[in-house]
Amino acid sequence: MLADPSVKYRPFPQVDLPDRQWPSRTITRAPRWLSTDLRDGNQALIDPMDAEKKRRMFDMLVRIGLKEIEVGFPASGATDFDFIQGLVRAGIPADVWPQVLTQAREDLIVRTFDSLEGAERAVVHMYNAVSPAWRRIVFGMDRAQVKKIATDGVALLAREANRRPGTDWRFEYSPETFSTAELEFSLEVCEAVCDVLDASPDRPVILNLPATVEAATANIYADQIEWFCRNISRRDSVVISLHPHNDRGTGVAAAELGVMAGADRVEGCLFGNGERTGNVDLVTLGLNLYTQGIAPGLDFSDVDAVRKTVEYCTNLPVHPRHPYAGDLVFTAFSGSHQDAIKKGFAAQAQRNDQIWDVPYLPIDPADVGCSYEAVIRVNSQSGKGGVAWVLEQDQGLKLPRRMQGDFSRAVQALADETSRELNAADIWAVFRKEYGLDGGGRFQLIDYHEDYGPGGNKDRRFAGRITLDGREQSLSGRGNGLISSVLDALGSCGVALEVVDYHEHAIGAGTDAQAAAYVEARRPDGSLVYGAGIDPDVATASVKAVLSAANAA
Ligand SMILES: CC(=O)SCCNC(=O)CCNC(=O)[C@H](O)C(C)(C)COP(=O)(O)OP(=O)(O)OC[C@H]1O[C@@H](n2cnc3c(N)ncnc32)[C@H](O)[C@@H]1OP(=O)(O)O
Ligand SMILES: CC(C)C(=O)C(=O)O
């Protein structure tokens with residue numbers, strides 16, 4: 001890299017628009033969407049989609065709710081041409097407009113119209129680049145010549161349409177490279193195109209203003225769009241469309257600001273496939289709107305299925321951190337995030353309204369078909385809240401607060417030792433081991449009997465059979481409750497404990513229900529130990545929990 005990049009790169013000039021309005025506008029409804037997955041997306045693939053993949057993509061786009069779909073570049077070759085003819089023959093849903101792209105060349109235009117033979121309706125989209133670099137480098141033409149490519153081209157569109165009156169034709173024109181062209185020249189070309197096509201309010205022309213290469217910050221694109229919307233002479237006879245690419249990684253921002261600046265329509269691809277760094281991502285745009293309380297008109301309620309289809313058709317993976325849809329976007333590994341999310345879910349469950357307010361989760365995962373189970377996952381960065389969450393989701397165990405800290409230390413030790421993610425089975429195994437659920441501690445309950453002394457209810461007697469250090473023996477004790485009588489019995493084995501906290505709850509319901517009991521106990525030196533017991537009988541669960549604490553002591 002250069003020490004001084006200014007010798008090679010120039011900053012993008014500002015747009016002279018001191019009274020710009022877009023910064024204080026908000027988006028209040030979804031724009032019209034066009035999917036160009038089958039065109040811009042497809043042309044950028046290592047292996048372009050075959051007919052089967054195209055059909056699968058098309059059907060999914062229709063299911064999602066796309067009403068405008070660019071189905072290909074028919075003059076590119078037989079694959080696109082035949083696919084488009086096949087779609088037309090099979091019948092395109094009545095509320096869906098197929099769109100096709102062509103260069104402004106007569107033979108290509110004729111072939112493009114041929115591909116749509118028999119269609120009820122279609123949009124023919126023609127482009128030519130207008131910016132200085134393309135004029136100079138690609139075409140070797142001046143402004144007038146480049147403008148003539150456009151006007152001659154759209155005249156051919158009108159001619160071909162007139163020759164085929166059985167189809168309801170609409171037109172889209174893209175001054176390709178709009179974002180790096182002089183605004184006045186783009187406007188001049190678009191005005192001329194609208195004149196030739198006789199744009200009117202009932203037959204508006206789509207003017208698509210692409211950021212063919214994203215070359216400036218998103219606010220500059222918004223300025224360009226607002227400037228264009230203000231200056232185009234027949235605003236009511238044109239649909240202003242955006243086509244942002246993502247070279248600077250700000251395609252989504254550019255599209256959003258462009259809509260605030262007055263655009264009616266956005267062209268993009270699912271998950272941002274497309275040339276180089278991609279077209280703007282329709283999934284992110286749609287769900288961004290959704291999280292502002294605006295119905296996007298696109299159904300991503302099973303975003304995972306959408307992702308799998310796109311991955312299959314494009315043979316490109318969607319990044320695990322991709323907004324809303326990546327494998328890891330609803331997953332928190334880090335302790336403080338887990339703690340906040342766990343509290344957020346609990347608060348959400350207690351509130352009496354639907355408003356979503358869970359820390360770190362901008363959208364309810366359930367709305368896009370994701371379950372809550374995977375929201376919190378555990379590794380060495382995790383904390384007690386996350387560990388407790390996984391145990392609760394997996395086993396239904398609701399550990400008391402302080403015990404969460406005790407248990408999490410054991411889980412943390414394993415995570416550090418193994419340097420990997422711990423799944424629910426790992427965590428459950430640590431719990432069973434830590435609290436002696438499978439045996440292994442000094443004290444294990446075989447069975448016990450409880451009765452009352454002369455003092456009645458406050459005079460409980462515990463008589464148990466346990467294994468102590470592997471040897472079976474009897475144990476008895478007395479207290480004013482079951483737990484204190486077990487503690488008394490343990491005292492005779494030299495274990496002095498005072499219970500400072502006790503919790504119990506049911507796990508599950510009906511005949512399969514179990515009870516979980518948790519004990520926090522203090523040793524003579526003041527240190528705390530914890531125990532847990534699980535049993536179909538709640539009293540037995542509590543006895544086991546006390547013995548479990550004794551094992552820890
Ligand atoms: C920004 C975009 O994504 S635009 C869409 C791009 N998509 C594609 O190109 C995919 C499909 N394309 C193709 O299959 C082929 O490029 C075809 C069939 C369209 C044309 O193929 P060919 O004629 O063999 O070659 P090629 O694409 O290189 O054409 C370049 C010529 O077209 C001219 N040209 C480029 N764009 C346009 C345009 N929009 N209108 C008119 N002429 C154009 C170039 O100046 C060049 O002219 P020259 O030969 O006189 O120098
Ligand atoms: C054809 C146009 C719209 C295009 O794909 C672009 O400019 O990126």
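Yeah, the Cβs are placed from backbone N, Cα and C, and that goes for glycine too.
The candidate list ASN219, ASN231, ASN279 contains one residue that TrEMBL assigns to the Mg(2+) site with ASP40, HIS243, HIS245, namely ASN279.
Close to ligand 2, meaning a Cβ under 6 Å from one of its atoms, are these of the binding-site residues ASP40, HIS243, ASN279: ASP40, HIS243.
Other Cβ atoms within 10 Å of the Cβ of ASP40 (Mg(2+) binding site), summed over all protein chains shown, number 23. Cβ neighbour density within 10 Å is lowest for HIS245 among the binding-site residues HIS243, HIS245. Same-chain residues at least 6 positions away in sequence with a Cβ under 8 Å from that of ASN279 (Mg(2+) binding site) are, in sequence order, THR36, ASP40, GLY41, HIS243, PRO244, HIS245, ASN246, GLY251, GLU267, GLY268, CYS269, GLY272, ASN273.
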